[in-house]
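Student: There's a structure below that I have some questions on.
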């Protein structure tokens, strides 16, 4: 059971690292999993425990990180780490910045911008334990099958934490310890402030270590304890793209499982990817190789997939979306899309409407019950209700300099391969013939035709393409036709 939220004095998120192992021009903490940056996940977890103040410490690619954080959480304090290296110094500059507003009293939580699976529930448990036990420091730890490379948690006979030993400094006996330091802490603000003033850079790395605060707190008579989580993923960080992919896969597994438990059918969880920001109703059905991103929402009884990717798409109740790539679009209730359909931003398909195979749409509103069944393009257009757009229709919306709009009314029927040269309006109930090129407005109820009568020039191919296979076959057919005797009564 998750303890009641206690609202700490502050949360400090450390995000100043360079992340060189990512081998990327993008700052490490801006890399995404589940449709959200790692630091975005960290900020959400921090905000969920309702701290009175929130600070994030930045340094590497400072402007990029600060700008991103400001978009996600405008009220978060952005603090620059100075030239003194180390996690202890990062926390110290953040504490000084927060104290400048109002001296902190109570609990200060320290976490990281590259630990994306850390939940608000686990942070709340850390804070509740820290305050209930009146600890000076409470460290979040995890038990790993393979603790290689991690700092080991040292405990006294009474179970209290006596220290943290880095792997490289551990004895063979200490390396058998499976409980490791996550680097996530709850501190008493006064203890933290005093201890940081005593932490030095007198070590091999020349850094101010936050872990030194634990020993200083114990020396001052404070109690140091731990909250142990069996869920190692919540304290795993991503230092390279291999770890990032592993965290992304685990987050997606949890997300998919949570939706299934909430009433969503996922036929193949291993090939289904759902961003953290997606919303799904009960009785949604997701078929294999489906990806849902951004603010996508899917209403009850809708079927999405297989082989479908939707980003920021609203899918209405009972709709079907098959083998479709869509973004920034709305699919109405009981509408049908696909297969092999490309919905570009601004597409709005009305209730019971249809956009079929090999269709591309952009900035188009399609009314209730209207159908664009196959092989065409509709862009910068408005189509009314109960209209049928024939195969191969195109709205020619671009004149080389500007885009223009096509308006097609309700109850319209268009022939195959009709081209609408925008700007143009087609009135309600109008028809167009196959192959029509509509350059002028069509009145309501009119039939629009734009092609001349068919004319056949006999013998053109043999005369103009001599020596070609077509000419040979044509000449043979002509000769055969001319040599066939006319029917007579005797021949019957």
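For all residues, glycine too, the Cβ spot is worked out from N, Cα and C.
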Student: To which of 370, 373, 416 does Swiss-Prot also attribute binding of acetyl-CoA at the site defined by 397, 398, 434?
Tutor: 416
Student: Who are the chain neighbours of the region 'Linker' (242-262) in space, where the CB to CB distance is under 8 Å and they lie at least 6 residues beyond its ends?
Tutor: 22, 31, 33-34, 116-117, 233, 236, 269, 272-276, 280, 282
Student: Taking only the residues the record lists as binding acetyl-CoA, namely 397, 398, 416, 434, what is the largest Cα to Cα distance between any two of them, in Å to the nearest whole number?
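Tutor: Maximum Cα-Cα distance: 22 Å.
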Student: 114, 166: which of these binding-site residues has the sparsest Cβ neighbourhood within 10 Å?
Tutor: 166
Student: Taking 86, 113 as the binding-site residues to compare, which has the smallest set of other Cβ atoms within 10 Å?
Tutor: 86
Student: Could you check which of the recorded positions 114, 344, 374, 388 is the closest Cα neighbour of residue 398 (acetyl-CoA binding site)?
Tutor: 344
Student: Hey, of the binding-site residues listed (14, 434), which one tops the CB count within 10 A?
Tutor: 14
Student: Can you tell me which recorded positions out of 86, 344, 374, 397, 416 are within 10 A of residue 114 (Mg(2+) binding site) by Cα, answering none if there aren't any?
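Tutor: Of everything listed, nothing lies within 10 Å of residue 114 (Mg(2+) binding site) (Cα to Cα).
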Student: Return the member of 17, 86, 344 nearest to residue 434 (acetyl-CoA binding site) in space, with distance defined Cα to Cα and candidates limited to these binding-site residues.
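Tutor: For residue 434 (acetyl-CoA binding site), the closest Cα among 17, 86, 344 is found at 344.
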